[in-house]
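Remarks on the structure that follows.
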Amino acid sequence: MAIGKSTLGLRDPGSGVPPNSGGSRSPAGASNVGVMGRYNNIIKSQEDKSSYRGLILSNRMKVLLVSDPKTEKSAAALDVNVGYLSDPDELPGLAHFCEHMLFLGTEKYPQENEYSKFLSEHGGGSNASTAMDHTTYYFDVLPPHLGRALDIFAQFFIRPLFTESATSRELNAVNSEHEKNTTSNYWRLEQVNCALADPRHPYSKFGTGNKETLDIIPKSKGINVRDELLKFHERWYSSNIMTLAVLGKESLDELEALVVPLFGPVLDRDVTAPSWPEHPFPPSRRRTRVHCVPVKDTRSLSISFPSPDMRRYYKSGPARYVSHAVGHEGPGSLLAALKARGWCNNLSADPTGGARGFGFFDVLVDLTEEGIDHVDDIITLLFQYLAMLRAQGPQQWVWEEQRELSAISFRFQDKYEPRHFVKGHVSLLQDYPIEDVLSVYDLMTEWRPDLIEELLDCLTPENIRVAVMAKRFEEKCTQIEPWYGTKYLRETIEDAKIKTWRSATPTQELHLPSVNEYIPTRLEVLESEEESTTAAPTAPTIIKDTPLVRLWYKLDSEFRLPKATMRFSYVSPLPNSDPLHYNLCTVWVMLVRDALQQSTYSASLAGLSWSLGSEVNGITITINGYDDKQHVLLDTISGMLSAKPDPQRFEIIKEIFVRAMKNYETEQPYQHALLEQTMCLTDVCWTRPQLLAAAQVMTVDQLEDFISRMLRKVHIEGLIIGNVTKERALEMADGLEAKLPKDGTPLLAQQLLQRREVEIEKGAWYCSEIENRIHRSSCTSVYYSCGLRASRSNVLLELLEQALSEPCFHVLRTQEQLGYIVVSGVRRANGVQGLRVIVQGDKHPRYLETRIEAFISNAQEYLENMKNEEFLKFRSALAARKLEKAKHIGERATRFWSEIATQMYNFDRATIEVEQLNAVTQQDLIEYYKKHISPKSDERRKLSVHVVSTAEGGAGRLSPDNDTVIDTRSDRQPIIVTDIVEFKSRRGLYPHPVPFMSVPRKGAHCKL
């Protein structure tokens, strides 16, 4: 559950089409009872095998039905066309609080965790979000259980309980969610913007809410918040401003028969969805410059222009045209000009953050140290670019290129996760004609240069609002935003500066993007001997194996699209040999990405995504998308690896890297807990202070030497899967090998061994405690090590996590309200696995630990009392999850690559492990729990990490009743880890798991 600012893009705010407009006659078998109109003419991709139908129910709820007979998950989402802009003035955060409360019981299903428990038992999950003008709820579940899940879900909108006890408890979760956001620069700047808006406009509200706005202040005014929740639900939760999307295996007629009786009873209160045609920033609140102080040491420039709500122009896309031009990253772009001056690293330009009736066009700039001194010059360059756009006028060829790329994307789109699909489309039903709901972002049909000019007319110095965020403004900023405590200062921009910007003229340096050379021209799909219906796609095979390069390859027969995914890892022991080389590897990758930004941006626009990432043992190139031009992109990226680093860009990137290292302190407490756990359990791992010290002294000469040595002692492991011939795959691998230095030598097998995991001895309990002075929340992470990965132990651990996940959340979060973040899951690293429970909240970590242990102790009774029917539900849900097919070629590649990278090579893991799973009994699960997790076990291996808040108002002080941690086996205390190196030096290391299949080790002696 979350709250967020709307990013509306180009959606149309119209109410759609009348019930019978563009629709078709009722199909045979479909009843008209409860249905006012049907739409069977929804535009879809020609490659899309699903069937679609739109409905208008008799209560005026709009519905999108999706029939996908091959789906492995069913899903549904409901959107209410109201958000936190409609909060009562005296109750900020009420819409968000209402969203939380709907999960906690209805008259028909009064049990607080009925919904989450049912979904957990049947392989599903749920969430919700509150935006300015929308509230969206969604879930997924295994297909046989869609009907019951929809019944429980529908009651949220018919008769929710809002019980007194749940209301008082869930308020803590809302408050904890707000506390989590208080150190986020994004949330802080957004709320400063709200504070600067017209106070009569609802945009100025505090949308998240906290204990003060939803408890303390209302009580002081005699306001009963539960009563107000009921009133809010009754006023706004009306079927005529609701939309529903349901995806299932059933036919459209069957889905309709399921949905109509369940959602027909939602009351139509004849509500008009609110809209705000008056802008929150009228002319009197423009021409402003705001300086803000961040929590993280970041430097950013936000240039915002109030604009009209342009969603109704989705068929012509004027905002997309302007965004494409201003936000381009290639030669002649605004970003290229700013980077050449050393003032910025990244730039984006998008319509953002509006609600019905108003919008914004924002340009966001990531500033360098020098850039912070040239903010006005950066804005001058922006207005010079806008002057060029006006002088040249809208160019139809640019719009047509965008249209072509969007149409290709629509035709060959990857399949969505069902949950993401319904969530992404349900709100579109509010804003667009039903027949366009699938194609609204992709099919542009109307060339409207007048609308492009209309938007450009909004981007003027008279309309500008500037926000600059940097630590250096600490003393200058004397105003304080009340909800996040952000220091800021608002100023009016001088007339002389406005005049300078108004007189900006085009320059030769800035021009429109060139024709995109990466647009695919070959979109044919290769024929494969395999049948696409194969239950388990065959494994990739090694088609090239030399001392320097190994290539795995598979021609796709599963997705049948003109796409491919490739990954190439340059593996070496050098990056992890010491903190300096670890840093140099990371900075090398950052510099290469920086150097490639201009030349590869067109590829990203043309459906070719790429990444270059640094890892503990080297770097990895990943390319996804249309296969036609992938070889060109790979050649461009790999060719840049050996390029001589630019000294000026090195200093800029080094400063970014060092700043990021220092900023880690501001990350969430649970992230600190995860890192500390890794530090304790990984054999060779450098600390943040060690890395920071090394980063501050590294030089460009050291980087140049590192690159030379790295490329001379490296092994490349690659995978190519998709619409690529074997011959072409070999050509690409040969090309990479040819680019390596001729005097390079292969690595030995011993130099390619992977990291290993520290072994906690049986019966031991260790605890590492660290402090955090930024956040008021503390965190406890408890890890129960369960030993090496193997097929049977894998499924036993996953089944245990499946069974305990929902009750863990329900007890620790919903009932005990220990914090907003309560997570349980499986941790796997270096071939070893275990169960992990994380709680972040306002209590001391030692108290959080006692509550986690209490839950773990009670888990045995829960498992023993579980009915066999319930156990079988969990087992079936886990089996279905493991057997779920990949949705697209990238996901299939990720699964294969995971086996290659970990050197396990179990390419049919899901099938093999489900066979093991189906043999697991309830008693097997209980015995596994007793051995590895139970506090009574003498074989349990436990590591706790406590992140103690020492911030003002934090959880660093113990109450008298909670000053110890008690192990329920006895009155034992943990052994405190005071020196991680000493701790690891006294422990043994786990061996690596035995690979599933025999593959020769990489290195100088590897042979097929």
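Every residue gets a Cβ built from N, Cα and C, even glycine.
Here TrEMBL flags 13-27 as compositional bias 'Low complexity'.
Here TrEMBL flags 62-199 as domain 'Peptidase M16 N-terminal'.
The domain 'Peptidase M16 C-terminal' feature in TrEMBL is assigned to 226-404.
Look at TrEMBL and you will find 410-694 tagged as domain 'Peptidase M16 middle/third'.
Feature annotation from TrEMBL assigns domain 'Coenzyme PQQ synthesis protein F-like C-terminal lobe' to 799-897.
What TrEMBL lists as region 'Disordered' is 1-32.
On the 0 to 100 pLDDT scale, the domain 'Peptidase M16 C-terminal' (226-404) averages 96 in the predicted structure. Of the candidate ranges 62-199, 226-404, 410-694, 62-199 has the most C-beta pairs within less than 8 angstroms of the domain 'Coenzyme PQQ synthesis protein F-like C-terminal lobe' (799-897). Residues in the domain 'Peptidase M16 N-terminal' (62-199) partition by DSSP class (helix H, G, I; strand E, B; coil) as 64 helix, 28 strand, 46 coil. Here the domain 'Coenzyme PQQ synthesis protein F-like C-terminal lobe' (799-897) has, by DSSP, the following mix of helix, strand and coil residues: 63 helix, 19 strand, 17 coil.
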